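Copied over from Swiss-Prot, here are the features:
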type	residues	note
BINDING	GLY124, SER125, ASP126, GLY127, LYS128, THR129, THR130	ATP binding site
Amino acid sequence: MKKDFNEFKEFIVGKKVGVVGIGVSNIPLINFLIDLGAAVTAFDKKNLEELGDVADGFNKKGVKLELGEKYLDNLKGFDVIFKTPSMRIDSEALVRARKEGAYVTSEMEEFVRYTRGKVYGITGSDGKTTTTTIISKLLEGQGYKTWVGGNIGTPLFSEIENIHDEDKVVLELSSFQLMTMTQEIDVAVCTNLSPNHLDMHKSMQEYIDAKKNIFIYQNSNGLLVVNRENEITHGFIKEAKGNVKEFSSKRELIDGAYYKNGILYLEDKEVCKKDDIVIKGMHNVENYLAAFLATKDDVSVEVMKKVAETFAGVEHRCELVREIDGVKYYNDSIASSPTRTLAGLRAFDEKVIVIAGGYDKNIPFEPLAYEGYPYIKELILMGATKHKIKDVFDNLENEKGIKININMVESLEEAVRLAESIANQGDIVTLSPACASFDMYPNFMIRGNKFKEIVKSL
């Protein structure tokens, strides 16, 4: 049973509130809290000059600012603290604040606690954004007013009073957002799980436990959708309190969703043919199977089929940038883990020239070499992990005699220029880094846009 948002409005009036992080989602949050009558102090590592007009706007509204390297030193004496998702709950500043009696929360926790409308939460190591987007397209296609948020879309907490009982809310939720989530989510989807973000999580188990929070607080009416072919997500079944539905690209699941002989089935009814789906690759077949199960009570098979045959995909996900002299260039910048890169490579019908490497999340690259080599024609490595990735491919050669030609470069532009010189007519070049972007770019979107800019300049 969702709580009445009027309770929050009454609670927050006059409260001394700290908001950690002045990012995309927290700017509307801060403005909303001010409008609700809270006394807000915003904290950020950036300085006044870096914040620019944002700081000026907050100053005019009476928001206090704590900025710079030691910005958390004054996170004291607050009634409520909204933390940024990437801030660990066991950080020194938050531990101290909780001991002082502060209520520590996040925008997403409060949104899920109070929002009206059916909530669909999607998480996983790979496929979150595409599955989230497919689910939103299915619901919109059925005629529902649909709100998309979390890791994608727009910040929703400030829109909460515009969301109605009959609306649908679709949230992409990261492990960071889920670490402190204790709210019930009506429909929970976990696409798959593999090692990821181990630079932020203390262990793989902590990462898995964070993901479990998407379903662990459900009641008997909740629905959990998981991947039958992923050992970790399949294991979630024994802990689920509600209904569980599984999807598979490898076996028939009469009570779930499955792929067989070129056809996608939902509870043993044909939905569409694989070859008619616009976005290619078996990973996208799995994304559709998950989305079909998540929306089976709200969306007709006819709408599902139509969306599959018309939805053209999400930017930075195996996105065709252009074809030059018979060479196709794809932007798969979202591929920030080896498993995601493998999924992208398997979508092509031939060996490809791969540009990889980037920020080190402390996850193993062995799968990229030992499972990925059949799909790689040439490998161009860049970024902080290039030597680490090369070592794994060198081990592959030493152990199995399988050699992939590897080129080492210093920049993305050098990588693209080299790929252009190597490629022959009919070849495919893909940016599929298997790593995060933070060593070279602020996020995967900026990395992908830079790749597209370089390719378009060739």
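Cβ atoms here come from the backbone N, Cα and C positions, even for glycine.
Remember, it's a predicted structure, so these values are computed and weren't measured experimentally.
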Row THR129 (ATP binding site), column other C-beta within 10 angstroms, all chains, value 21
Same-chain neighbours of the ATP site, Cβ within 8 Å of the mean position of the Cβ atoms of GLY124, SER125, ASP126, GLY127, LYS128, THR129, THR130 and not counting those residues, run in sequence order as ILE122, THR131, THR191, ASN192, ASN287, ARG340
Out of SER125, THR130, the listed binding-site residues, fewest other Cβ atoms within 10 Å surround the Cβ of SER125
Counting across all protein chains, other CB atoms within 10 angstroms of the CB of LYS128 (ATP binding site) number 23
In three-state DSSP terms, THR129 (ATP binding site) is classed as helix
Other C-beta atoms within 10 angstroms of the C-beta of GLY124 (ATP binding site) total 29
Counting every protein chain shown, other Cβ atoms within 10 Å of the Cβ of ASP126 (ATP binding site) number 25
